[in-house]
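This report concerns only the one structure given below.
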Amino acid sequence: PHGPSLRRGRPTTGHPPEAPLSFSRTFDLAALRVPAAACASLERRLRGHLLNWPRVRNIARLPNDDGDGLVSLPTSPGSSSALPPTAVARREKLAREFNARGFVEFPILAKMSRPAGRTRREMKGRAAGGKETKHEKDKVYVVEVLEQGGEDDEDEWKGLVGEEGFGKGAWRGEPTRLLLLDEGHANRRVDELPEAVKVVLEHEANQGGPFAYELVQCQLTLFYDYWPMNEVLEALLPEGIIIPAGFETVGHIAHLNLRDEHLPYKTLIAQVVLDKNKPKIQTVVNKIDAIQNDYRTMQLEILAGHDSLVTTVIESGLRFQVDLATVYWNSRLSTERQRLVNNIFQNSDVVCDVFSGVGPIAISAAKKVKYVYANDLNPAAVEYLEQNIVLNKLERKIEMCSEES
């Protein structure tokens, strides 16, 4: 089957089954190393022969691919002639050879030759304790260019490249990019590539000007953050158990309704739901028992994330403060509430909402009708109703009370 899968890639070893690193999978690939200037054109023309995996770019940027520290490659094996240095390489060479007087007289060039601000911060962090940077911690995938040539060339031919370019090593030539080929071309030689690929490369070489390409072998590693929620849960749960893919969202809270067969794995399920829906979801809860009280509040168990069940819900442009521990809210009724307001209520109506809760219907109606009377038996719901009326600036159009209906 085409495309990435947790079942197909090579897993890393030595990690607990539920640890994020246990979901890293490595795939063997081939890639074309081509000049950066020709990369966009080649990507369009070779689209059908490229990797084309979801959330993985067909173009991988090389470290130092802006020309920093590049060395010219011979035009062919055994040839002594070299490609002329690029303008970027000449500028960088000039910057490195600057003396103190040059830095004073050419401040713009001096500024370009200094390390970027982000680099300085990362160096400071490593000196202070070697803390992992956000990019290193949250990366989705990396592409490792396997060793080319002899042992002496290892430092210059091997490196990590990824979504923004990171790692060590650079191609010894002009600035380049990697075009990741379809996984069916892994471990092939140049003469084994499809004729369509070779025709495109030959056509590019005949356009005039220096053009070179190289077929390199790579390893693509997909990390935990790459895999979708349902695929991670499928790998974690025993075979035969239905994957709990759906949940209700109330503000920043994900409300699960787990079956009995899911309960032994409820903590793992909740953590995956939290990881795969950040930052929108910050708390994951599960309903413990059916609604059995007069206030229709639910008994909820917090499984992952923050402990607070107070959240803000935005519905039809209105904001509602809700505490799921003390009041009732059902996000799945939002379409029905909007149908009432848009199709049933008229501008001249006076609406009486005797089970108003925190006010989803009463406040929405107050934006349209003449006046609204809102009532609820739950004192906590009436308290939040009052807050929501003020929050949406409708104090003059709603009257509320807490009576038996």
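Each residue's number is its place along the chain shown, starting with 1.
Glycine too: its Cβ is placed from the backbone N, Cα and C atoms.
Taking TrEMBL as the reference, the stretch among 64-88, 114-138 described by the feature region 'Disordered' is residues 64-88. Per-residue confidence over the domain 'SAM-dependent methyltransferase TRM5/TYW2-type' (247-405) averages 93 (mean pLDDT, predicted model). According to DSSP, the secondary structure content of the compositional bias 'Basic residues' (1-10) in residues is 0 helix, 1 strand, 9 coil.
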